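What follows is one structure encoded as structure tokens, with my remarks underneath.
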Amino acid sequence: MTRTAMTRQTRGDPGKIWTLEVSGIAKNYGATCALRNASLRLRPGKVHALLGENGAGKSTLVKIVVGAIQPDRGRIALNGVPTLFAGVRQAIAAGVIPIYQHLSLFPHLSVLENLSAFAIAGAAGLRARPALVPRATARAWLDAVGLGCDLDLPVERLSVGERQLVEIARGLGQRCTLLVLDEPTAALTHDETDRLFGVVRRLCAEGTAVLFISHKFDEIEALADDVTVLRDGVAVIDAEPLASLSRAELVRAMLGDMVEPGDRALPQPGGPVLTATGLRLGPADAAADITVRAGEIVGLAGLVGSGALELAAALAGARPVAAGTLAVRGEALPAGDRVRAVAAGVGYVPADRHAEGLFGPLAALQNASSSTVALFSRGGLLRPGGEAAALMPWLRRLNLHPFQPERPAAGFSGGNQQKLLLSRNLAVPDLRVLVVLEPTRGVDIAARETIHDALVEAAGRGVAVVVASSDLDEVMALSHRILVVRHGSLDGELPRGTGRAALMDRLAGRRAA
Amino acid sequence: MMALTGARPRRFSGRLNPPAAVWVVLLLFCVFALAVPRFASAGNLENLLRVGSILGIAACGQTIVLILGGIEFSFGASAALASVVTVLALPSAGVAGGFAAGATAVLLVGLVNGTLVARFSLPPFLVTLGMLMVAGGGAAVLAGGLPIDAPPSDAFSWPARGRVAGIPVPILAAAASFALLHLLLAHTRAGRLWYLVGANGTAARLSGITVWRSVLAGYLLAGAFCALAAVILTSRVASGQPGLAPNLPFETIAACAVGGIPLAGGQGRAVQTLCGVLVIAMLNNAVVLLNLPVAYQQLMIAAVILGAVLLQQAPRLLLLLPVRPARQPEEERS
């Protein structure tokens, strides 16, 4: 692949070669149009951010770039050469390396075997066992991403961040011209994120182009050089330098003419509702005392692994504890008993909506009603129409989109799935406590606002709300006060209005003088 | 989304929403009616339904277990145990008492299955396989290894050969079973909880559902359906046989699969099971009418079952088109 032959390909800008040039892409799924006129132009050695709401067509465009699907219309050129990948393997062979949000490693196999996966996949049928990558080479790949782990360690023993680095290392072993990072930091700690960004910058310095998909503006501003924004399948901002755009302009481009939300007014808290006394997650953890008042939103914030999510789950009776008592309005509640907790009006939205929240094949309506089946059944029989009467108002209020309550939950976007889990709890009669973990992880901005509004509204009607989130902006925006969680227990409290930097310091264990 | 039945949003409201298997039933019926002599005669159709009713009743139980995300292998052996217990109890307990004793034996097997699965979280595959051996072994021990004949009596043969208003009792029992299954699944709280538990047990627990109770109730009810099937079967063979219905669990699973019920749990409707049962009953009947050797019967039935399942789950395969991996609907647009 010589560079001289392809200069003509770049439109209107002779002499400049795009690593990846995608233009006029359209893709329809049946009657639904995922992409209308998408384009993407990546410069070598630069990080290019791809922004857009869920449903804007980002994932579709990324899948086309990595060869997972083929466009109906449009042109793709890699280093100036028109290309159409028939499959992911071809794309990888051409140097387009995707790193997914959901890791594509083999957990039981060793690091070395995982690093050799592409070679194994490329080997033909029943021939002799394909050779593993030489250990020295594998070592060099790992060094390139700053990972010093044992080559024979099963991948499942690594942290999520380390696994992601292994995946990138595997990509580096190929001729990597374009690295595609699809929400790579969703499950990473701050240190791991920094390390990943370091690796990305080093790769860029060597001329690799990087396509970076993320919902987090801070990361985008820290890492990206150029940006493309998709809205409704069209590139509304087309490969412009990030520095020339403000955050507000980007948000406006993503959302269209929606008004930017201001600071929410939080309701005035009343008397105590939820009290946890001497709560210990594990026998070695320090005891935590937590009181949440009616109409109060308490944020639990902590770094990944701090126990913030676990502590919140324990407050909802969703996990057993080593010691301590829970009480709702003075009535004791056994730990780890969701049946009693729901009866006492304690709602819970788990962190992992697929594993712990959704009934994928069942209709949206039935997903929303799973905590309140008793409410619309009499003598063991379901009252006709009772379910719809109880739940439809909530689905409408949370703006379920598309509004198809009979559609299986698996067929909705993440934001709308999250709305289903929220309506499940909001519909609980006499809801007193609502514990929400990661309310908007992987959710687009509009759904995020709807969900935040619903939480504040719930507090407004006297519910004691607990929000545990790794998204600090979210915790800061919603909470009356923020409880800092470190090492499985509480480590102080911060009032509303605490700055981001101060909060970060506390999460990392640094105290202001 | 593309599969004909499985992924379609199921409606609990009871509106008519025929599964794809209906077309398999109609197609097969037309083919056999044209190709197999005497198939479409009233007498033969009655016979077909009467023979198929036992499978149908047991399949109702299997449907519940499959919706719960489990699987039930012990049906055949527990029916055999029931037949032996019934015949052994006849002299002392009389006909009704004998049948009650047999049915109780099946319910006990269901109770053990349910308890082990629900309370001890053991895998249903292993639990019911184990109980298959326990019930089968128990039946053989009780019978001393040989079939025991029941003294012939009208009362004893009524469940299999009696008629009410001119309709054979087994057909009535099967019709009632399917009606009950439909009611349970579509209109009761217990049925709704089975779907929720089967689709995602963790999510069900976190929603405040007492999962173990739902699972136990499901296996018990499945045992009740099997008990009814066992009573009719015992009456029909008029003996206690330790090796009575070895294929029953597999035929009930096949019936559900032919009806389009995925084995993954959380899905399935009574009408799907009914369709699957009809397909298998028609096949069994047709191969008998055609007087095929037993080995060919099995092969033909196997082929149709696999074909029907393929037709439902991967229609493209039948047209020899490559199957595309299911698209993840993570980005939905309307």
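One is the number of the first residue shown, and numbering goes on along the chain from there.
Cβ atoms here come from the backbone N, Cα and C positions, even for glycine.
Taken from TrEMBL, the feature transmembrane segment applies to B:20-36 (among others). When Cβ-Cβ distances below 8 Å are used as the criterion, the transmembrane segment (B:20-36) is approached by residues 4-5, 258-260, 271-272, 275-276, 278-279, 282-283, 285-286, 289-290, 304, 308, 311-312 of the same chain, each at least six residues removed from its ends.
The transmembrane segment annotation in TrEMBL covers B:48-68 (among others). When Cβ-Cβ distances below 8 Å are used as the criterion, the transmembrane segment (B:48-68) is approached by residues 75, 79, 124, 168, 170-171, 173-174, 177-178, 180-181, 184-185, 194-195, 197-198, 214-215, 218-219, 221-226, 228-229, 232-233, 236, 245, 248-249, 251-253, 255-256, 261, 263, 265-268, 270, 272-274, 276-278, 280-282, 284-285 of the same chain, each at least six residues removed from its ends.
Look at TrEMBL and you will find B:99-118 (among others) tagged as transmembrane segment. Non-local neighbours of the transmembrane segment (B:99-118) in the same chain are 70, 72, 74, 77-79, 81-83, 85-86, 89, 93, 124, 127-128, 131, 134-135, 159, 211-224, 226-228, 230-231, 234-235; each lies 6+ residues outside the stretch with a CB under 8 Å from one of its CB atoms.
Under the heading transmembrane segment, TrEMBL lists B:125-146 (among others).
Per TrEMBL, the feature transmembrane segment maps to B:166-186 (among others).
What TrEMBL lists as transmembrane segment is B:218-237 (among others). Remote same-chain partners of the transmembrane segment (B:218-237), defined as residues 6 or more beyond its termini with a Cβ less than 8 Å from a stretch Cβ, comprise 53-55, 57-58, 60-62, 64-65, 67-68, 70, 72, 75, 78-79, 82-83, 86-87, 99, 102-104, 106-111, 113-114, 117-118, 150, 156-161, 169-170, 173, 177, 181, 184, 194, 244-245, 248.
Annotated transmembrane segment per TrEMBL: B:244-264 (among others), in sequence order. Sequence-remote contacts of a segment are chain residues at least 6 beyond its ends whose Cβ falls under 8 Å from one of its Cβ atoms, and for the transmembrane segment (B:244-264) they are 3-6, 19-21, 24, 54-56, 58-59, 61-63, 66-67, 69, 71-77, 79-80, 83, 128, 132, 139, 229, 233-234, 237, 271-277, 279-280, 305, 308-309, 312-313.
Long-range contacts of the transmembrane segment (B:270-292) within the same chain: residues 5, 18-19, 21-22, 24-25, 28-29, 32, 36-39, 44, 47-49, 51-52, 55-56, 59-60, 62-63, 178, 181-182, 185-186, 251, 254-261, 300-301, 304-305, 308, each at least 6 residues beyond the stretch ends and with a Cβ under 8 Å from a Cβ of the stretch. Per TrEMBL, the feature transmembrane segment maps to B:270-292 (among others).
Here TrEMBL flags B:299-319 (among others) as transmembrane segment.
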